[in-house]
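Database features, via TrEMBL:
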TRANSMEM  23-49  transmembrane segment
TRANSMEM  61-85  transmembrane segment
TRANSMEM  91-112  transmembrane segment
TRANSMEM  157-176  transmembrane segment
TRANSMEM  196-215  transmembrane segment
Amino acid sequence: MEFNLSRIPNSAEMFDRFRSETWSFVVLILVVLLTIFTVCLYIEALVFLHRRFEFGSRRGYLIYICGVFPVHSVTSFIGLCIPTASFACNFLADMYIAMALYALLLLMTDLFGGLDETVRALSETAIPLRQPPCCCCVCLPSVNFNKRMFHRIRVGMLQYIIVLPIVVLVPALLWVDQLNQPSQSSGIYSTIEIPATVINALSTLTAIYSIMLLFRASRAPLRRFQLPGQFVSVQLVLVLVNFQRVILTILIRLNVVECIQPLHCTSDLVLKTLLNLLIVFEMPLIMLGNRITIQRWIRSGTNTQCFQPDVKADAEGGKHICLPDSENNHNDGAFDNKAISGTDPDLSTLV
């Protein structure tokens, strides 16, 4: 069967293209199985967290973070099967991980017991500003952590949520417009696509740098809470998706990859097809790693504890922890007042 590979297909024609060759049909089956597997892993993690995790806010942050993997897998699968929806799917996935990055910040603050407790616990911590992606800047000094620095870190992460819709939606609208009026819109889209990709990459790096500063400051006090596993899993998805997008854009613009027979020969759709395939294949592995980390956290028994510098240090971790009263442990995300220095942390100040 012959297909017009320069034309954007609908979902029915896309399935016909996948079935026209043996290798593409096998790829389609693998994509379906891996997507279902990732969603099943998330459902299992959801049930596990509801059964084993008692804290409402902490559990909510973990559920949201775990959702990064099935969201990326499902949106990429939809983008493969419905090419005209690929921009919308990528936008939803990018917005979700941007919010998950902020949920990671809230999780770190929740483990300390609130904003004031976070600042108090890290007030004597010197944070080197030479963190990825600025690790090569040897002139950057170390600074002490304070509330002003925390708010700067938060702004560095929130800017990603603000910039992302602009740099994704504008090219998406132009791409859809050029489908109807290619002669008028294709030139504008080609001009704006690369700058939008660069701005998106810079905004992403800024968000990564911001959360990296807080993570490096919190890693030692919170090492018993299996925080690196959550941090690495979210950062890995963020870096992989954006890095692969930039590399594939460069390769396609240089005509290294021109066509995927029998799927597409349009450069934009070739880019999105390759990116979606990579994401679907990667998400189950990262989801498994994240699930193992949560299992270790539950088994360690620290999932119902919080960092507390005013009590006796824990012999194993060498850090201070506290255990909230289980009778007052409702699913409202709050700690017991007596458990944390007699104060009631208000995480609403972070939003």
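Quick reminder: no glycine exception, Cβ is built from N, Cα and C everywhere.
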The answer for the transmembrane segment (61-85), taking Cβ pairs under 8 Å and residues 6+ beyond its ends, is 8-11, 14-15, 31-32, 34-35, 38-39, 41-42, 45-46, 49, 53, 92-93, 96-97, 99-100, 103-104, 106-107, 110, 176, 179, 230, 233-234, 237, 241, 264, 269, 272-273, 275-277, 279-280, 283-284, 286-287, 290-291, 294
Two-stretch contact, the transmembrane segment (196-215) and the transmembrane segment (91-112), at least three Cβ pairs under 8 Å
yes
Apart from its near flanks, which chain residues at least 6 from the ends of the transmembrane segment (91-112) lie with a Cβ under 8 angstroms of it?
55, 57-58, 61-62, 64-65, 67-68, 71-72, 75-76, 118, 121, 153-154, 157-158, 160-161, 164-165, 168-169, 172, 207, 211, 214-215, 218, 221-222, 225, 227, 230-231, 234, 237-238, 241, 306-307, 333, 345, 347, 350
Long-range environment of the transmembrane segment (23-49) - Cβ separation under 8 angstroms, sequence gap at least 6:
15, 17, 59, 62-63, 66-67, 69-70, 73-74, 76-77, 80, 262-263, 277, 280-281, 283-284, 287-288, 290-291, 294-295, 298
